[in-house]
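Chemist: What follows is a structure written as structure tokens; I'll ask about it next.
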Amino acid sequence: MKILLANPRGFCAGVSRAVETVEKVLEVEKSPVYVRHEVVHNKVVVDSLKKKGVVFVKEVDEVPDDAVCIFSAHGVSLKVEEAAAKKNLVLYDATCPLVTKVHRGVRLASNNDAECILIGHKGHPEVQGTMGQYRSKKGAIYLIESEEDLNKLTIKDPDNLYYATQTTLSVDETQGIIQALKDKYPNIKGPKKEDICYATQNRQTAIKAMLKHIDVLVVVGSQNSSNSNRLKELATLAGIDAYLVDNPKDVDKLWFDNKKVCGVSAGASAPEYLVQQIISQISKVCSTEVEVEEFEGIKEEVYFPLPRLLKQKIGTGKVE
């Protein structure tokens with residue numbers, strides 16, 4: 001059997017920055033180091049950091065006063081920021097800069113008392129953080145996941161209306177919802193460029209290009225990873241068997257029965273070493289050597305610098 005490796009795949013610049021932030025903070029700060037929420041949605045990465053001494057918490061209320069705390073790549077609400085400030089935490093913000101960009105747009109809408117429509121998945125930590133940027137008492141922020149949700153909305157002032165999106169959505173679905181928004185509310189304003197991040201778009205584009213060459217797809221990523229699930233969905237919608245896995249032990253021989261070409265990709269929070277472990281396991285369960293070929297795609301050269309406070313600590317070598 002042949003394996004086609006999607007390109008690009010795996011870690012994006014935001015995830016690389018978040019993981020490196022945690023690892024560097026472990027070097028420059030005294031233990032324990034607390035992280036609010038999973039720093040990225042990947043079980044293998046989180047478990048690895050736990051072994052290094054990181055303490056993951058759901059809320060900053062669980063973090064002792066004056067302790068070291070890191071915000072995850074998904075971002076947090078203004079309320080969480082205020083709670084952290086009251087506890088006098090040594091705070092490192094690993095929020096992805098592309099999520100921060102969405103936050104700025106929502107805060108601007110709030111400052112202008114504009115109603116705001118956020119396209120995203122209910123309960124996702126990024127969505128919770130973005131919704132929590134809105135403070136206007138005169139306007140309101142609404143969460144929608146589909147065009148059906150849009151039809152249920154009642155907007156007070158269509159001429160003072162803004163939209164934003166979660167960064168890890170399906171590109172195709174989101175474009176449809178945005179167009180429906182513009183059709184219903186011609187004066188709606190939004191970001192100059194879609195908020196769906198470059199990495200999410202590039203990984204989805206890579207899968208689409210590969211679909212006609214494969215008859216099964218394995219996506220390396222965790223079940224709670226939004227962007228990994230969107231990759232799997234692309235294959236499923238095209239009628240191709242697709243599986244989401246973040247542990248080599250979960251690879252099943254039956255997935256590859258009567259299959260000639262297996263596509264392999266990875267969500268933006270899955271490390272490359274895990275991709276290689278999954279490939280080795282596929283070869284093992286198939287009881288044969290597999291031919292591995294890189295499928296040509298977009299080259300990514302995006303880099304996000306570490307948080308300012310962390311760069312200062314690294315530069316001076318001081319632990320205050």
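Yeah, the Cβs are placed from backbone N, Cα and C, and that goes for glycine too.
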Chemist: Given that Swiss-Prot annotates C12, C96 as [4Fe-4S] cluster-binding, name the residue from C69, C197, C262 that shares the site.
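Modeler: Of C69, C197, C262, C197 joins C12, C96 in the [4Fe-4S] cluster site that Swiss-Prot records.
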Chemist: Given H124 (isopentenyl diphosphate binding site) and C197 ([4Fe-4S] cluster binding site), what distance in Å do their CA atoms have, once rounded to a whole number?
Modeler: 16
Chemist: Between S225 (isopentenyl diphosphate binding site) and E126 (active site, proton donor), find the distance joining the two CA atoms and give it rounded to the nearest Å.
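Modeler: Cα-Cα distance, S225 (isopentenyl diphosphate binding site) to E126 (active site, proton donor): 11 Å.
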Chemist: Please compare the binding-site residues H41, H74, H124 by how many other CB atoms fall within 10 Å of each one's CB, and tell me which has the fewest.
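Modeler: Taking H41, H74, H124 as the binding-site residues, the minimal 10 Å Cβ count falls on H124.
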Chemist: Of T167, S226, S269, which is closest to C96 ([4Fe-4S] cluster binding site) if I measure between C-alpha atoms? They're all binding-site residues.
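Modeler: For C96 ([4Fe-4S] cluster binding site), the closest Cα among T167, S226, S269 is found at T167.
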Chemist: Among the binding-site residues listed here (T167, S226, N227, S269), identify the one with the smallest other-Cβ count within 10 Å.
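Modeler: Each of the binding-site residues T167, S226, N227, S269 was scored; lowest Cβ tally within 10 Å is S226.
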Chemist: In terms of Cα spacing, which of the binding-site residues H41, H74, S269 are within 10 angstroms of E126 (active site, proton donor)?
Modeler: H74
Chemist: Check each residue in the chain of C12 ([4Fe-4S] cluster binding site) that is at least six apart in sequence and keep those whose C-beta is under 8 Å from its C-beta; list them in sequence order.
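Modeler: Non-local contacts for C12 ([4Fe-4S] cluster binding site): C197, Y198, A199, T200, A268, S269, E300, V302.
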